[in-house]
Amino acid sequence: MSTLGKRAGVRRRVRAVATAATATALVAVPLTTLATSASAAPVHVDNPYAGAVQYVNPTWAASVNAAAGRQSADPALAAKMRTVAGQPTAVWMDRISAITGNADGNGLKFHLDNAVAQQKAAGVPLVFNLVIYDLPGRDCFALASNGELPATDAGLARYKSEYIDPIADLLDNPEYESIRIAATIEPDSLPNLTTNISEPACQQAAPYYRQGVKYALDKLHAIPNVYNYIDIGHSGWLGWDSNAGPSATLFAEVAKSTTAGFASIDGFVSDVANTTPLEEPLLSDSSLTINNTPIRSSKFYEWNFDFDEIDYTAHMHRLLVAAGFPSSIGMLVDTSRNGWGGPNRPTSITASTDVNAYVDANRVDRRVHRGAWCNPLGAGIGRFPEATPSGYAASHLDAFVWIKPPGESDGASTDIPNDQGKRFDRMCDPTFVSPKLNNQLTGATPNAPLAGQWFEEQFVTLVKNAYPVIGGTTPVEDLVAPTVPTGLTAGTTTATSVPLSWTASTDNVAVTGYDVYRGTTLVGTTAATSYTVTGLTPATAYSFTVRAKDAAGNVSAASAAAAATTQSGTVTDTTAPSVPAGLTAGTTTTTTVPLSWTASTDNAGGSGVAGYEVLRGTTVVGTTTATSYTVTGLTAGTTYSFSVRAKDVAGNTSAASAAVSATTQTGTVVDTTAPSVPTGLTAGTTTTSSVPLTWTASTDNAGGSGVAGYEVFNGTTRVATVTSTSYTVTGLAADTAYSFTVKAKDVAGNVSAASAAVSARTQAATSGGCTVKYSASSWNTGFTGTVEVKNNGTAALNGWTLGFSFADGQKVSQGWSAEWSQSGTAVTAKNAPWNGTLAAGSSVSIGFNGTHNGTNTAPTAFTLNGVACTLG
């Protein structure tokens, strides 16, 4: 913690005599005696967590204990939950009403009063962890935690007068001056301005983030017993140098904009509400290479050097100091959900020469992607809150804290209407394949409620997967490396290989294997005490070392080096490859015969198989490096004999393979076989006059003329002929049932039997029509559009499609609560899976982000299922 963060002087305030019920059961064991008398003015210390306990939220603890009471079938799990209930967590002020209390919980004064009581019972200083979280345009890149205040001047004014000012006034009350209040300032805000500033919503929010954070720092820093910590994201977000460096610069710019400068910030906090591991014990060296490939280049780490939060906090501390912060600035890590224990946690190194397989097998972080942030399956509770944790000197840690209370949701799995400004983020939908995650499922836990609400299903998993295991059953960590291998010797070399052998190492538990290095590059892993390094260059000198490792991932120092020189590469190869086997002829045409065979091998130390010669009789008709070849230019209705020979790089040729005979087809083949029957015929969302159909493609017989198209039938009437596997039948009557089939036909005119029929009913005509309300908020070249659609008809719409067009070339870039598409100027919004039923008289609200070229005229004509709507 920075000495610059200490106040030059402190105010002495008259403290009112207050009584409060004790909360002994909720307070951890005291660490020291209380440093100051009850009447002393607060002293701003270097590390507020040192020698102090932390506040246990009784409201959250009650939820945890209630969950434990529902685990009567698993007493051990219930006991672990009750242990968790006694741990300190932060109190979140996530909207204005949270200050006085709302349906989601008690107000700030309730918690401060309880903190006073807990400190009195503990007899030592107490840290009250508080989260300031209501910026205008909050969480501009995600949707699940969007807030109540818009990113506008009016929103910023409300943030100051209705949110920060009342909080500061309450914290400045003399009744609470003995509490050390650690305020985490606006999670996700400033990091978004580094990585997501290209998003229109973040561009809109950027000036309000800077001004809002500055205002909060100024107001709270003026209170002597408040300690300001700025959120710095986590290693999987800002760990790359291209993100970390600009972020440190941004934090410094914001600090310098405040009245007190760098002194307004007491520290930084990482991994808030995230699940990035504190440590990756089996991947402790991010510079390690596997088969000459750095492990940080794996798909999971994407060239990021920071594999865990210990790496990241040390990295960020260096950059923050370089940006102007004092070297004593402190760091916090939120360990509430980054334990990653349970049955899927790897406990020993799994060897592999493939870098992705090596990383995936040995990382404790079991997410599909480091960007999977919402209620991730498999996560567990991490280290319990702890002041000044030892062993992490480079990270300059003030404490491990639980900023995100375990059991509180990150966001809803489905779209849940609410008055908190929280929207549905598909990253919280376990059925969503996200392009942000390399087109993988999100891995989110299903059935999640809104962000911040109690999510017991996830809490159960967090407790079960805790690491360290709750209750003291975590195995004692092995920190002792094996002895250094001795006696490393190089045997007789070849032009491309060096055999190595050595004397076995010993370990306090057990040696599990050895890593073999060529220079500084890891070239192999083995459980034996010998290894042959291959793929070397002839007549080249090399130096080799070996390291021993154990199941806990401890690795010894390198052995003494062994030098060896490969032989020259002038060995004459006079041995032919093996004879190709398994030569087979495939389906012929009138002029071609496809051939395939099993690969040949060359002699040990040989020059290697270079390719194959294909013979028709005794004539070479082709060469290839593959194990297949199609002979062309043949005569129809003729029998041929083929064989294959293998050649190596030195020019040695094998004997010919066993011959295979094949006869080309005659040139007058008549196709009389129809294509296969179309399958999978499905009707999509209908309108009042149309039914969209799709089906699976048919196939034609081998040697047939090929599928030419499909005939679509309404009952027994053919209504269309198409070449694709979809068609929309139009001109239908409203509220009418229809039956459709499809037949396939080939070029020769053969027609298949009809597919299985599919039934569909057109939508009823919406007597009364529909009403649309459209609004847009524009900035620079971007805008956000909101559309409210009302069904004025007398019947529910089971599936709906809204259509409209832009007049000025606007483009939809991202949408929500509907499936959005655009073709030219025409925009279509089809219902999402969860809001497809639109009852008579009810409305649905959808929206999108878009771009414009300076003119953003609102659409004036909308249709709902093909019926024109009126503008509201």
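Every residue number used here counts from 1 along the chain in the order it is shown.
Cβ atoms are placed via backbone N, Cα and C, with glycine included.
Positions annotated as active site, proton donor by Swiss-Prot: Asp188.
Of all Cβ atoms in the shown protein chains, 27 besides its own fall within 10 Å of the Cβ of Asp410 (active site, nucleophile). What Swiss-Prot records for Asp410 is active site, nucleophile, and it gives sequence analysis as the kind of evidence.
Annotation source Swiss-Prot lists domain 'Fibronectin type-III 2' at 579-667. Sorting each residue of the domain 'Fibronectin type-III 2' (579-667) by its DSSP state yields 0 helix, 44 strand, 45 coil.
Per Swiss-Prot, the feature domain 'CBM2' maps to 763-872; the stated evidence is sequence analysis. For the domain 'CBM2' (763-872), the number of residues in each DSSP class (helix H, G, I; strand E, B; coil) is 0 helix, 63 strand, 47 coil.
Per Swiss-Prot, the feature region 'Catalytic' maps to 41-477.
The two recorded residues, Asp188 (active site, proton donor) and Asp410 (active site, nucleophile), have Cα atoms 13 Å apart. Under the three-state DSSP scheme, Asp410 (active site, nucleophile) falls in the coil class.
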